[in-house]
Amino acid sequence: EMFSPSQKYQLFVYHADSLFHDKEYRNAVNKYIMALQQKKSLSKTSKVRPSTGNAASTPQSQCLPSEIEVKYKMAECYTMLKQDKDAIAILDGIPSRQRTPKINMMLANLYKKAGQERSSVTSYKEVLRQCPLALDAILGLLSLSVKGAEVASMTINIIQSIPNLDWLSVWIKAYAFVHTGDNTRAINTICSLEKKSFLRDNVDLLGSLADLYFRAGDNKNSILKFEQAQMLDPYLIKGMDVYGYLLAREGRLEDVENLGCRLFNISDQHAEPWVVSGCHSFYSKRYSRALYLGAKAIQLNSNSVQALLLKGAALRNMGRVQEAIIHFREAIRLAPCRLDCYEGLIECYLASNSIREAMVMANNVYKTLGANAQTLTLLATVCLEDPVTQEKAKTLLDKALTQKPDYVKAVVKKAELLSREQKYEDGIALLRNALANQSDCILHRILGDFLVAVNEYQEAMDQYSIALSLDPNDQKSLEGLQKMEKEESPTDATQEEDVDDMEGSGEEGDLEGSDSEAAQWADQEQWFGMQ
């Protein structure tokens, strides 16, 4: 009771701020509410008691924490508690003229997340009106399908008034292509930006370029750009989840492990380190652990597409297909231009024999993202599952390979089709042609399988060996090589059967080990409420 009403208001706010920093968000909200109530009563008493002309009261009132700032902090608490509706309600209560750029920015992001696109666009535009160089607001508008020309027109005055800012209009154009899914033109535009002296070796641009190469299916260039960005900024976290996924796909699990450790040393409060570790577990076939790590990443960032894809893939491989479908659909909602989100969903449909749903989805992707090598291959993959549409699959794959002769997924599916038709010589020619300009574990392994079919055993062994040198964990290449070595050794059929029996028992032992590990991680998952 020794404090004045204004001092009580200040103390409530300071207490709430302290609780916020200690991550006691619910308690902080309660104290902020008490602070606002105190401010309300303070306003009433100041109206009842007119100013006595005491000059000392004026500086004190000026030092009081802003009521708008308190409401903003309350909204931050609600977002941390995942109570987005409450956050929107508290910010909506602030009159439009009193909203600062950061309030409008938070409102725009919350509206976008809630699917209220029109309100989100209005809030982003208000941010740009107050701060024409707010790049996040520009990206927000482009992601909501606002035309690049319209967004550029909102920044034209500032571009003309500040020297050396002419690159901004090109930057807006580049990201307009990104958000419409036109990866080729986006790559070309960002490459032209990168050549400008002001933006040379810009880490953000390199990260965007790496992501675009990944979306376009050019994994080699994607890895190269991620490595460049990492060299320029050793503390870079953004985009490292995609980089880790690409390394894991190439079988570079030791590099993935090292990347995960490095990212955890930088920060464990971002989704990326957890996703990278999850990719290591997934490609080591420890699906339960990958599931737990993916769930942890989603807890930290519910908008992490790569975390959703990781968890979805782990669920699918564990036989929990319906749960996996939910995660892939959410990934599609967040990233409608990313083909890998659709690929994951279609794989789930095929795994559950829902060929009709897979066909509908593949056709939608083909129409939405256009006829490129990736969408053609995806549609062909579904067509291969139905005997009636085999010829259509062949036509689609030929079109894909005409557009992009070295596209690995298209080559793999065409080889699968040729294998069914027992056209091994054609398959060998296709694979040799694809391997002329690249080295890929799967292509070398499939070439080995085809060479076995035409009795070229020595070269088949060489191909399996190359595949294993690229990915030592590739089980199929190892099995192919072991089979070749067995056939070369002078053992009779009985001895071979005995060896097969021994191998079978060894595999069962491995499976038992993986089951016990799965149970252990499933327990942890349940503890975190992630079932």
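Every residue gets a Cβ built from N, Cα and C, even glycine.
Across the repeat 'TPR' (305-338), DSSP assigns 27 helix, 0 strand, 7 coil. Here TrEMBL flags 305-338 (among others) as repeat 'TPR'.
Mean per-residue pLDDT, taken over the repeat 'TPR' (441-474), amounts to 88. According to TrEMBL, the feature repeat 'TPR' maps to 441-474 (among others).
Sequence annotations record features per position, and here TrEMBL assigns compositional bias 'Basic and acidic residues' to 479-489. Mapped onto DSSP classes, the compositional bias 'Basic and acidic residues' (479-489) shows 10 helix, 0 strand, 1 coil.
For 479-531, the entry in TrEMBL reads region 'Disordered'.
The annotation compositional bias 'Acidic residues' is assigned in TrEMBL to 494-515.
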Exercise. For the repeat 'TPR' (441-474), what does DSSP give as the number of helix, strand and coil residues?
Worked result: 27 helix, 0 strand, 7 coil
